[in-house]
Amino acid sequence: MEGEQQPPAAAEEPAAEATEQPAETTTTTIEEEKPAAAPADDAKPAAAPSTSTTATTTTTTENNERHWDQTNKKVVVRNVLKFLRPKEVTKLTTEWLKGKEHLNIKIIKTKKPPKDNWIKVTLEDESMVDPFIQLINTGGEDGKAITNARGGDLCAKRANEDQRGGDNNNNNDNNRKRKGGRDGDNDNDARKRAAAMKVLTPDEVRDAITPLWRLPYEEQLKVKTREMIHKCSMKIIKEIKGKFRILEQEARRGQRAKCPKIYEWVGERRAIEMESVVASPRLFEYRNKCEFTCGYRHSKVEKEEVVKVGGEDGDDVMKSVEDGAATDVVKEEEVAASEAKEEVAPAVAEEAILKTAAAGFLAQGWSGGVYLPHCLQNMPDWSCGLADIFNEFLATSSIPPYDSKVHRGIWRTITLRCSLRTREIMVIVVHAPAGGGVGKRDCGTDDYSTVFESEKQRLVDMLTKDAIPTPSRDIPEGYKKEEEETSGDIKVTSIFFQEYVGLSNPPPEHPVQHIYGKTSLEERLGKCTFQISPGAFFQTNTQGAEVLYDIVVNRIKEVTTNPQDTLLVDVCCGTGTIGLTCLKEGVVGKLVGVDISEPAIADAVVNATKNGYTESATTRFVANPAEKVLPDEMKNIPKNCPVVAVVDPARDGLHGVVVRTLRSNERIQRLVYVSCNPTGTLARDAAMLCSPPTKKYPGRPFKPTMSQPVDMFPSTKHCEMVMTFDRMSVEEYEQYHGKE
């Protein structure tokens, strides 16, 4: 996060917001009963203990949540200067503590928004808070406050006394604006939580995940073409012109001899010609990889009446009455909701939400629950059938899903990969440690190690018992079932479990545990056969990938006059799909592939053998970040060997060292860039490839000569781009830069 620094030795601080959310006042929540109680979906501490909660348990829970919520260790220091760089913030806090080692104060984290005049400091222990506040407020000359560089007095307060980061007494008007125009934050937060608890209709789920589904496919392609023109090609030209302006400013300041005049092609009306988007061969059910998040599915409960039952000390608790039978639905987090009982409108309070453990998509974000994939036309039947099996398992499991807000629970995500051509399915189940995630409570209620192995085996049995069932779908009008290339039952052929204790998602090289069946998935693409491991990248639309790779092959074929002697440098090669396809099509004779993912490179080596390339002189794959090995790999290429390059980076784009290497090696006359982020990092990388040479990026620049978007994801806003860059000729270069 911008403006926040963390020392390497300090532990990552969990978000405190999960424990500071006010109680919900507009919706009653009901959770299905499980063999073992799942932790509360919200991390709000109970406002009053239920009758079954002992004093010991309450104390343990409060202590644990106090440990998890680090607000008590935070101090806000005000009246610091604005626009401080991270290094300056670190230097400033170090100066505060200089000579005060006897106070034993240790700062583990700082947060300084650039435009604000305060710093939020997180200390190692709560006992350091008061001495630190006293140091700031009285540690200056003559017992006065420490001053800033302009002589202004600093002021320190506990963070929980300064929630807005501002002076509550002097800025009430601003505070009201921040709270949505009302006094107090409970009202505003309650409305936000009520909105998050809304149950979406199937159409609303489709709008969130496949926003173009309402348009005819021809209109979708037109929308994407316009998007590529305005947010890709025009953005690239804007970036390049910006580079020229920077060079002109440097020339005026005498930092460089002169600034070249802007390239003629940059000033043309259509400087980068954008072709129309190529259609996907499949419009529906095209995905070969699906990722589901484990959580709770929200559904409305009909014919239910919400009544109030008097609680201790006048506090009411909520119960539901359905068909004349009373069922206690009070959960630990719902007791806190009773605080706001006076503000619940009768019409709203009667609408209850049933929360069921399930796996699906986060159509409303983390707080809105998961939604099943059955209503999405881009999701194939096999993925929905597997989702049904997982949801049956989760609904009856004694182990709860993982809650990312408090980092408790076990089941995290489920990744499914399928080849309809080979009728194989791979399942990867990501879970937290059986003993509990990083937010586990000290009382042991989040430890499921005694039942984890049996539950894991039960899931494997459910997945492998029979062929994948045909699910019941809720598909919109206009959906047309497309004929499959192969037929017959499809079964799960490999299962992996992956334990991960981190707060986000595991990296591709994170180890997996093979539980069942084959150790890889086999896929056929074009004339090649590929092995795919759990952590390896592979295009999610198999038939669309064939169209994409055909374009790449044609772009390379145009410049390879002697294919058998031509070497293809495949940067970010993954499992070797592009390079081996080019070899198979005969447009190049040699291949060097580089990728950061070790599982993907291991697959690429196997795939080369599978497709008949066993000689090391023909194919070479390197598992390492491209910025570390590409410069040496380029030096090792014989000088008389023709070279062409293909890059297919992740959404982060190319590293600066890779761009410099490609620019400086002028033997590369053509570069084919395959981008999954054409409106973002492609524009940045293209500007660095095509701008005038500098000390950081030397060599004759490239210029884009063809831009071909390919629709790999119908009904969504995303598409792939194949952009071809050709090296500026020596004559044209000398026209702008003179002879060197």
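Any Cβ shown, glycine's included, is placed from N, Cα and C.
What TrEMBL lists as active site, nucleophile is Cys676. Other Cβ atoms within 10 Å of the Cβ of Cys676 (active site, nucleophile) number 19 in total over all chains.
Cβ contacts within 10 Å of Asp595 (S-adenosyl-L-methionine binding site), excluding its own Cβ and spanning all protein chains shown: 27. According to TrEMBL, the S-adenosyl-L-methionine binding site annotation covers Gln539, Asp595, Asp648.
Residues annotated as domain 'Methyltransferase' in TrEMBL: 568-631.
Feature annotation from TrEMBL assigns region 'Disordered' to 1-68 (among others).
What TrEMBL records for 158-189 (among others) is region 'Disordered'.
In the domain 'Methyltransferase' (568-631), the DSSP tally of helix, strand and coil residues is 28 helix, 15 strand, 21 coil. The Cβ centroid of Gln539, Asp595, Asp648 marks the S-adenosyl-L-methionine site; residues of that chain outside this set whose Cβ lies within 8 Å of it are Phe537, Phe538, Cys572, Cys573, Gly574, Thr575, Thr577, Ile578, Ala600, Val674, given in sequence order.
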